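Read through the structure below, which is laid out as structure tokens, and then see the notes.
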Amino acid sequence: MSEFTPREIVSELDRYIIGQNMAKRAVAIALRNRWRRQRLSAEMREEVYPKNILMIGPTGVGKTEIARRLAKLARAPFIKVEATKFTEVGYVGRDVESIVRDLVEMGITMVTEEAKVKVQFQAEDQAEERLLDILLPLPSTGQGEGSAHFGLFGQMEGSSVKPEPTAQQKESRQKMRKMLREGKLDDREIDIDLKEQRRVPMMEVITPQGMEGINLQDMLGGLMGGRTKTRRVKVGEAMKLLTEEEAGKLVDQDTVQQVAIERVEQSGIVFLDELDKVCARGSETRGGDVSREGVQRDLLPLVEGTTVSTKYGMVKSDHILFIASGAFQLAKPSDLLPELQGRLPIRVELESLGKGEFVRILTEPENALTRQYAALMGVENIELVFTDEGIEALAEIATRVNETAENIGARRLHTVMEKLLDELSFSAPDRGGERVVIDAAYVNRQLSDLAADEDLSRFIL
């Protein structure tokens, strides 16, 4: 769990997201409270429940970006889902409990990767020995060959016994090891045997009630797995593949599952987007709105705290933090079920973005669009320079189109930038060595006619 203070979390989010200070403060406090809770006594820790958050704001103002950056900061199991992907129990589609199952899968992946890092050096040593056995095989005594037999799925069981290497063989092996570590053998092609990961065709399996935690695809994959497959690869690639396989053997999966479930239960974060799309609008409760209300009712126990069956065991959602968000343009937060409103006690409204924010978005973040496009053109040996006047003109046009057409917030900058640099991107390979300056005149020449025509801008920008 992250040990950042709320001020440090906000500062980190400021590197990528402009404005929206109230939303940043809310998620920063929530994240810090997870850290505080971990340091309480066991009895008190059980009583401290997360204060779930509802972020309200139009599209393109930073709700999803805040969630994405928070995931990297949290160093905790994190999943982003759309409420519209789920259906009420009894309808065809995914049920809301699959949110927790997916979160557990994220936790398993995270803990497994951490465990592999810890055994990396040991795995590399074992992979190196396997490579040396392939590059410089020792002669077999032949003893035990008669006892070899084929197993249930056709793989040979039993192997020849290797003799003790002679002094000369040991010396040759050390020379080969030195060449291997120096990278002199990286381009040589060899055949290696890897455990085959059987791919089961993707299919949607509707399981009976009570069997949701059983993954039939994993069961089928397990039945067909276990074989080895010979691949011809270069030594450098072989080292990576063998290291990965050896690391997998060294990791204790039972421990991984226990740690992952504990981490999900105590530190898991779910970002639930598009919650407004499952609201019954106003007084309408007919047709599809019945199913929408059903999704909300299914979410209630999950957000409040329940036990979900997964293939790794039972998982409690009592202390999972839920951050919900929605534009709420057609529906209002008050259209949510009262019980669900009560389980989202912290409300944060995000402001719409205007010209001033667009100028900052184009210049201040570390991953600003202007820097991204300059880097892309730099690959073609073109120096792309944006002047302050050019950025002002870009922000002005994006704001104007948002006002006259659909307001999609900062996402409008992507469409404007693509149209602005369309000709340059196409002809870049033929213009290597040039210096292209994007000033107000360049922007107006490329975009002003389109932005001025309201009907045309709806389709192009």
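Residue positions begin at 1 at the first shown residue.
Every residue gets a Cβ built from N, Cα and C, even glycine.
Swiss-Prot lists I18, G60, V61, G62, K63, T64, E65, D273, E339, R411 with the feature ATP binding site, giving sequence analysis as the kind of evidence. Sequence-distant contacts of I18 (ATP binding site), defined as residues of its own chain at least six apart whose C-beta falls under 8 angstroms from its C-beta, comprise G62, L353, E357, R360, I361, E364, P365. In the three-state DSSP classification, I18 (ATP binding site) falls within coil.
Marked as region 'Disordered' by Swiss-Prot: 157-178.
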Quick one: give me the count of other CB atoms within 10 A of the CB of K63 (ATP binding site).
27
Which Cβ among the binding-site residues (V61, E65, E339) has the fewest C-beta neighbours inside 10 Å?
E339
